[in-house]
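Working notes, structure below.
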Amino acid sequence: MKLQLVAVGTKMPDWVQTGFTEYLRRFPKDMPFELIEIPAGKRGKNADIKRILDKEGEQMLAAAGKNRIVTLDIPGKPWDTPQLATELERWKLDGRDVSLLIGGPEGLSPACKAAAEQSWSLSALTLPHPLVRVLVAESLYRAWSITTNHPYHRE
C-alpha cells in the first residue's frame, strides 16, 4: 500500500519541508509515502472562491485517482493514535493505495468531501495547513510503528 498526501499549496517554509521529509524518509519501502502539492488558486478580494475550490478539488481528485480518499477536515472523525493504527491496518487489508487530502485556506471542495470514504479530524482547532503536513506524517509513522511493534511509539 502506498500513502499519498495531496495538499493544496506549494512554497512551504523550510521547517515544514524539514519536518515532513524527516518522517517521509522513515517510512518502510513496503509503505511508501509521497507528497503531491496542488498549486493554490489566486485569491484576491474579487476572487470567485467557489470556482477556485472546484478547480483545486478537480486537481486533488485527479491526483488521487482510484485510491481510497480520506479527507482531513475539522468535522471529521477524531482518531487517537491506536485508532489510527487500526485504520492503517484496515487500509492495508483493503488493498488500495490511500490519498489523504488537505484543502486550501477555505478547505476542501464539495466534490472532495463527496468522494471521501473517510474524514479524519486532527483537532477541533483550526490548524495552519503547513503544520498539518508534519502532524499527518508523524501520526501515520507512529501508527505504522504500533502495527509493527517498532519502538518509536511507547505506551
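Placement of Cβ uses the backbone N, Cα and C atoms for every residue, glycine included.
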Which one, L61, L72, L84, L88, is listed by Swiss-Prot in the same S-adenosyl-L-methionine site as G103, L122, S123, A124, L125, T126, L127?
L72
Out of A124, L125, L127, which has the highest number of nearby Cβ atoms, where nearby means within 10 Å of its Cβ, if these are the binding-site residues?
L127
Give the residue from the binding-site residues L72, L122 that has the most other Cβ atoms within 10 Å of its Cβ, counting over every protein chain displayed.
L72
